[in-house]
Amino acid sequence: MMRIALFLLTNLAVMVVFGLVLSLTGIQSSSVQGLMIMALLFGFGGSFVSLLMSKWMALRSVGGEVIEQPRNERERWLVNTVATQARQAGIAMPQVAIYHAPDINAFATGARRDASLVAVSTGLLQNMSPDEAEAVIAHEISHIANGDMVTMTLIQGVVNTFVIFISRILAQLAAGFMGGNRDDGEESNGNPLIYFAVATVLELVFGILASIITMWFSRHREFHADAGSAKLVGREKMIAALQRLKTSYEPQEATSMMAFCINGKSKSLSELFMTHPPLDKRIEALRTGEYLK
């Protein structure tokens, strides 16, 4: 969840900055083809900037510290576990980081399979058994081995392209309609302030709506990462880890879902914006072996 949230926030910020620069400098495409090229460049540009910054952003956001040399038995176990699983998964040894937080959490990120990072919280190491922690680490290793961050970047790039393209087409129409035609009979792009305001608002709104697509992909890949963990360390260990998460977080999640859904009943709507499937669904998928085939 951490890596996806940071990726999307950074990506959205880059898109907004690009849009501001274009609008303030008066750079507008005069043709649909030109606008599409611009949307492709900036849409994928935002995604790849987010990907390249992902390790730095993730570590900075949680105050994580990369383990260069293990200082105690716990760090030694963590590094050895990551090394063993990386070797089993056929990827290069990721950087290993630890950060101080009471919650049970871990994430993996990085621009390439062979230049990745796995970070775990102190809460995970303190509150999970070695088998459960091993399963969570294997889950993150599976994300790296599956190339999920790169695939997410490509999907987000396509989504960004359409968000920018459609937003600016509609902004040009709105600016032209509200700005009227020029007296000399030449075609006008309309009021630039209207264009700037409409384009910015539409990019934000469409960006949030488009996140439904990326959230769906994220949930889908979580099932595959769970299956990858089961293959590396065993199905029962991964199920035990998810059950531990369920007992640790379910009461808090119920409260937050009520706030989000207003009446606390419309869980299906809230799931559209979740990066992870409900824990019960993940446990059931492991038990049935749906993604282990």
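Using the three backbone atoms N, Cα and C, a Cβ is placed for every residue, glycine included.
Keep in mind that what you see is a predicted model, and the values were worked out from it rather than measured.
Zn(2+) is bound by H139, H143 in Swiss-Prot, and the record lists one more residue there from E222, E236, E271, E284, which is E222. Within 10 Å of the C-beta of E222 (Zn(2+) binding site) there are 24 other C-beta atoms, taking all protein chains into account.
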